[in-house]
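I'd like to ask some things about the structure below.
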Amino acid sequence: MGMKISELAKACDVNKETVRYYERKGLIAGPPRNESGYRIYSEETADRVRFIKRMKELDFSLKEIHLLFGVVDQDGERCKDMYAFTVQKTKEIERKVQGLLRIQRLLEELKEKCPDEKAMYTCPIIETLMGGPDK
């Protein structure tokens, strides 16, 4: 049996506006309506919403999720396309990790320079972040 939008949202732990947004973006299909005019969503749609939510938690963009659905919804070159996508996403994650490690090293260095409770205008952390003497 199908679900109304509020039931779908509750089952997937999202809000109704999120469901409508995914529909507008083409991530889920517009559902048929019952005789009362209510949209009735299938369990397959619920699975897609849960998949979208999981991918968002893993920091995938909606554009990337849309691309994944394009591959999943077409049986053709699925494995080849998924491999290429995975390679690209792995490189992107490696770049993000390197960026975060650079930020971490900078913050560790700045923490060592911080004497304690100097006024803000003499704080070496603020000076460095604003492009001051310790660039």
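Just so you know, glycine gets a Cβ as well, placed from its N, Cα and C.
Note that the coordinates shown come from a computational prediction; the quantities given were computed from them, not determined experimentally.
When I checked Swiss-Prot for this same protein, it listed these features:
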DNA_BIND  5-24  DNA-binding region
BINDING   Cys79, Cys114, Cys123  Hg(2+) binding site
DOMAIN    1-71  domain 'HTH merR-type'
Quickly jot the same-chain residues contacting the DNA-binding region (5-24) by Cβ under 8 Å, restricted to those at least six beyond its ends, or write none.
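Sequence-remote neighbours of the DNA-binding region (5-24) are 30, 38-39, 41, 45-46, 48-50, 52-53.
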Report the member of Cys114, Cys123 (the binding-site residues) whose C-beta atom has the most other C-beta atoms within 10 angstroms.
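Neighbour-count leader: Cys123.
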Quick one: DSSP breakdown of the domain 'HTH merR-type' (1-71) into helix, strand and coil?
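The domain 'HTH merR-type' (1-71) comes out at 42 helix, 4 strand, 25 coil.
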